[in-house]
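Q: Handing you this structure, nothing more for now.
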Amino acid sequence: MTSALPVLPPLLDVAGTAVFALTGALLAARLRQSFVTVAFFALVTGVGGGSVRDVLIGVPAFWLTSPWVAPVVFTAAMLAWFMPVRIWPALLLEWADAAGLAAFSALGAAKALALGVAPLPAIVLGVVTGCVGGIIRDVLAGVPSILMRPELYVTAAALSATLCAGALIAGLPQSAALGMAAIAGFALRGAAIWWKIELPAYSRFDATDKH
Amino acid sequence: MTSALPVLPPLLDVAGTAVFALTGALLAARLRQSFVTVAFFALVTGVGGGSVRDVLIGVPAFWLTSPWVAPVVFTAAMLAWFMPVRIWPALLLEWADAAGLAAFSALGAAKALALGVAPLPAIVLGVVTGCVGGIIRDVLAGVPSILMRPELYVTAAALSATLCAGALIAGLPQSAALGMAAIAGFALRGAAIWWKIELPAYSRFDATDKH
Amino acid sequence: MTSALPVLPPLLDVAGTAVFALTGALLAARLRQSFVTVAFFALVTGVGGGSVRDVLIGVPAFWLTSPWVAPVVFTAAMLAWFMPVRIWPALLLEWADAAGLAAFSALGAAKALALGVAPLPAIVLGVVTGCVGGIIRDVLAGVPSILMRPELYVTAAALSATLCAGALIAGLPQSAALGMAAIAGFALRGAAIWWKIELPAYSRFDATDKH
């Protein structure tokens, strides 16, 4: 459970944090909160998933040692605050969130593998990295969680994480594994946004089950 | 704060995870979620309590190194998905949850003691191990938390954790301590289910307190 | 990321935990919960913020090794339980909470710096230490989070944490840095309580943004 952190493309990492932070900041702005609360939402959404991954593995949270993350989160909060919400098309944000989801899920699985986590738990940690920031954002805001929406979301994260872990275990170079996995997850989530693809919901109830 | 992990009966550990995972998966199914969300609920409910215990102690989460936990969680999700909900009697599930609660609370206290935690915090960590998975499940689903229900629940966890820690400190062998504590907690929770035993609620309000 | 823990004034630490624990216990009492639930709320509110700080840094949670924290939390739960709620004036509690917020935010930043965290993340960890216990309390209880209230709250925590980190980096002795920062944060939060000072809320919406 040591060493050999993957040499992550730093731009990717920062871009993913920025996009997630922006979704958190914009949600807080939509709820008409103050700037400080907007910044707090940017923080927990931007770094929440990666932080949970890191503390589960038992290493310090990645943003404590990064010179980039805190300024990026703060910039995202400023952007959300000073630009009128109506110029942020909801669809553009959803696509940006899709990119962050796909990239972070792949990244999370790669980091977990590099830190010695077994393949299946590493995939789970990839999904956690991609999804948990948004879940914390929604729970804090008191809005229905992304977890409970019918459109493919966790599934896209699972695809990214699984492909990335599989490719790394198969011996592909890291940049190829990350890029391929992120593109596949992004494509799936994009298709879900575009064609409103939903997984079938559980439907084995009948009236006698209600209680 | 090192070494000498208790040699836990692996079957107990896996069975506890399975039962909790099943309660999470079934709640998601009742809420008519997709399979991926059902699996996610199985995961957080099954491993949530033990994970919080482990990160508070400062060790990697137990399921990252276990070859059993991820498959067991996945199997629980499959069971919940493919078997019609009406054949899962609510009462059976409550009893299974009671068994998981009692076993995990004892186990959590034993693991904390073995890792060098002081007795009182170790008991608290036992309660956390038993209860937090269900709390996370309820918060994510947006249903009233088990914490807020009047029936004895946290109390049964506290009984298990306290008896187990006390017996270990008194020098009893681990299997005896775990077994005795788990049975006592299970009996108390079972009595609460059967006779609807409730702790007295706080009642020192009068009308002038309302605000 | 090692050693040299700040020699914190132990009384301050214990007093802060006690005050926060009391706010958690009293909320549970107002919600007419049982004693065990009241104690559980006292625990998570009292130690939640510091625990999240510690696990993010990668050290064991502070209360696992403290002989004081668990008894203090328990005493706070007993106080909330046995004294009639109407003798707890809401305003007194808000002032006590303000003291805890200011002291813990400064303390959290100081501990993070002492453990080798960079200045900006250390300030963020100070805010987390001061605010997260109350946020967990509110999420568990299902009441609107302090995060979403318009009065200055996170801002006061940010002031305490920033002043404390700045003073320590500038070379001030720890007791001076902690004291000065805590007083400033307490004064700001106190002013917000007294004069109902609110930060401006986000207001760049117009009717076309609703969706």
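Including glycine, each Cβ sits where the backbone N, Cα and C put it.
The domain 'Glycine transporter' feature in TrEMBL is assigned to B:11-83, B:95-165. The transmembrane segment feature in TrEMBL is assigned to B:6-28, B:35-56, B:62-83, B:95-114, B:120-140, B:152-170.
In terms of burial and nearby residues, how do these features look in this structure?
A: Secondary structure of the domain 'Glycine transporter' (B:11-83), assigned with DSSP and counted as helix (H, G, I), strand (E, B) and coil, comes to 60 helix, 1 strand, 12 coil.
Sequence-distant neighbours of the transmembrane segment (B:95-114) (same chain, 6+ residues past either end, Cβ-Cβ under 8 Å): 4-6, 8, 12-13, 15-17, 19-20, 22-23, 49-50, 53, 57, 121-123, 125-131, 134, 153, 156-158, 160-165, 168-169, 174, 177-178, 181-186, 189-190, 193.
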Q: Looking at B:35-56, B:62-83, B:152-170, which one has the highest count of Cβ pairs under 8 angstroms to the transmembrane segment (B:120-140)?
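A: So the stretch in question is B:35-56.
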Q: For the domain 'Glycine transporter' (B:95-165), what does DSSP give as the number of helix, strand and coil residues?
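A: The composition, in the requested order, is 58 helix, 1 strand, 12 coil.
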Q: Determine the mean pLDDT over the domain 'Glycine transporter' (B:95-165), rounding to the nearest whole number.
A: 89
